[in-house]
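Everything on this sheet refers to the single structure shown next.
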Amino acid sequence: MARKHNPYENFKEVLDKAAKLLDLTENDYITIKYPERSLHVSLPIKMDNGDVRVFEGFRVQHSSSRGPCKGGIRYHPDVDEDEVKALAAWMTMKCAVVNIPYGGAKGGIQVDPRTLSKGELERLTRRFIAMILPLIGPERDIPAPDVNTTPEIMGWIMDTYSMQKGYAVPGVVTGKPIEVGGSLGRKEATGRGVMISARLLMEKLGRTLEGATVSVQGMGNVGSVAALLLHRAGAKVVAVSDISGGFYNPDGLPIEELFEHVSQRKLLNQYPNQGFTLITNDQLLEMDVDLLVPAAMENQISRSNAPHVRAKYIVEAANGPITPTADEILDKNGVIVVPDILANAGGVVVSYFEWVQNLQSFRWEEDYVNDMLEHTMVRAFNEVWDLAHEKNSSLRMGAYMSALQRVVAAKKLRGIFP
Ligand code: GLU
């Protein structure tokens with residue numbers, strides 16, 4: 001079925017706008033409109049009841065101009081090639097914005113993992129890795145977690161690859177459990193980067209997070225950690241939601257308890273309601289708050305609901321939560337958006353630190369990881385902020401321009417083979 005909002009078309013639309021602001025010619029950046037390589041695989045799995053089911057999987061390498069391809073793997077029923085292509089392209093831009101030496105990639109399997117047993121999930125993961133094996137490796141393409149994939153799954157990926165090689169290769173995947181070469185601070189890194197982005201935005205505007213009201217859509221790894229760290233930084237998280245619905249309380253929600261609850265992989269509708277107002281995901285996006293954090297899926301804010309968004313600021317924890325049309329509406333209404341490729345880059349930044357530690361067989365302390373993340377985010381945020389103001393444009397354009405300059409420069413310096 002054709003998507004209502006094709007995310008890859010969205011990517012190209014935003015890319016063209018940024019290229020125009022930079023006075024680039026089509027020749028300068030046409031290659032960025034095409035992913036370098038894409039693999040579509042069929043994955044037969046023997047189910048626990050003896051049936052054979054075949055799942056579809058994808059790995060797309062968008063760019064290797066600035067270094068090995070890098071990006072997560074998601075398990076979701078809506079995964080298709082266009083989505084994975086867009087997510088891969090966004091990884092190229094994300095790694096360039098924060099200036100880590102990677103290109104971009106993404107993978108996905110079309111599956112609802114909650115319908116699988118643990119054994120089925122492991123067999124599916126191992127079969128997928130076996131099928132994309134020629135593409136991946138520590139110096140080629142390094143997967144990581146994304147929607148519905150966990151450190152445990154990253155451990156199976158590391159093992160499957162290592163078994164083929166005949167020795168342990170921790171650097172083939174990031175977001176692993178600590179015991180098999182994962183980095184301290186990686187699990188919290190995306191949410192931490194979201195909190196840092198929100199804090200930096202407030203600072204630029206002469207405000208602080210203290211007392212700012214916040215709503216968070218999505219209580220997965222990213223949304224729940226972002227909510228927790230925003231809460232600990234003094235913000236008042238008044239609304240949260242997940243696929244089961246959400247809660248609103250004008251005096252603030254018990255975020256520490258809610259974090260514990262969702263950390264046990266439980267849904268919000270299983271949490272004992274203490275008199276909070278029940279809200280839907282759609283209502284959450286339209287709450288009257290200072291800061292909205294969409295931390296779920298793409299295209300949540302589109303033409304239809306963008307005019308009803310009342311938040312002053314949006315920090316995009318998810319990839320692609322706002323369509324380009326909605327972006328224009330929000331911009332006109334004065335809503336300031338910190339774009340995904342900057343706001344949620346904390347995850348891949350600490351993935352980079354994990355990979356560096358793996359390559360050096362050396363372990364960093366958690367404080368050092370967090371300090372380096374902070375430093376990387378501050379530098380990137382300032383660059384984006386300055387570029388956006390210099391060109392009198394949005395932060396999204398600032399981020400795309402910053403990234404595009406780096407990718408285009410690398411492509412020019414390397415030239416076109418042969
Ligand atoms: N899936 C995450 C993202 O979209 C992390 C990717 C990574 O660490 O490679 O940024």
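Cβ atoms here come from the backbone N, Cα and C positions, even for glycine.
Here is what TrEMBL says about this protein:
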{"type": "ACT_SITE", "residues": "Lys106", "note": "active site, proton donor"}
{"type": "BINDING", "residues": "Lys70, Lys94, Ser351", "note": "substrate binding site"}
{"type": "BINDING", "residues": "Thr190, Asn221", "note": "NAD(+) binding site"}
{"type": "SITE", "residues": "Asp146", "note": "site 'Important for catalysis'"}
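Annotated features taken from TrEMBL, shown on the structure.
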residue : record                    : contacts (Cβ under 8 Å, 6+ apart)
Lys70   : substrate binding site    : Met91, Cys95, Tyr102, Gly103, Gly104, Ala105, Asp141, Ile142, Ala144, Val348, Ser351, Tyr352
Lys94   : substrate binding site    : Gly104, Asp340, Ile341, Leu342, Asn344, Ala345, Val348, Ala403
Lys106  : active site, proton donor : Arg59, Val60, His62, Gly71, Gly72, Ile73, Arg74, Val84, Lys85, Leu87, Ala88, Met91, Asp146
Thr190  : NAD(+) binding site       : Asn221, Val222, Val225, Ala226, Ala317, Asn344, Gly346, Gly347
Greatest C-beta neighbour count within 10 angstroms, which of the binding-site residues Asn221, Ser351: Ser351
Cβ within 8 Å of the mean position of the Cβ atoms of Lys70, Lys94, Ser351: remaining residues of the chain near substrate: Gly71, Gly72, Met91, Cys95, Ile100, Tyr102, Gly104, Ala144, Ala345, Gly347, Val348, Val349, Tyr352
Cβ under 6 Å from ligand 1: qualifying recorded positions of Lys106, Asn221, Ser351: Ser351
Site extent for substrate, whole Å (max Cα pair distance, Lys70, Lys94, Ser351): 13
Reduced DSSP assignment, Thr190 (NAD(+) binding site): helix
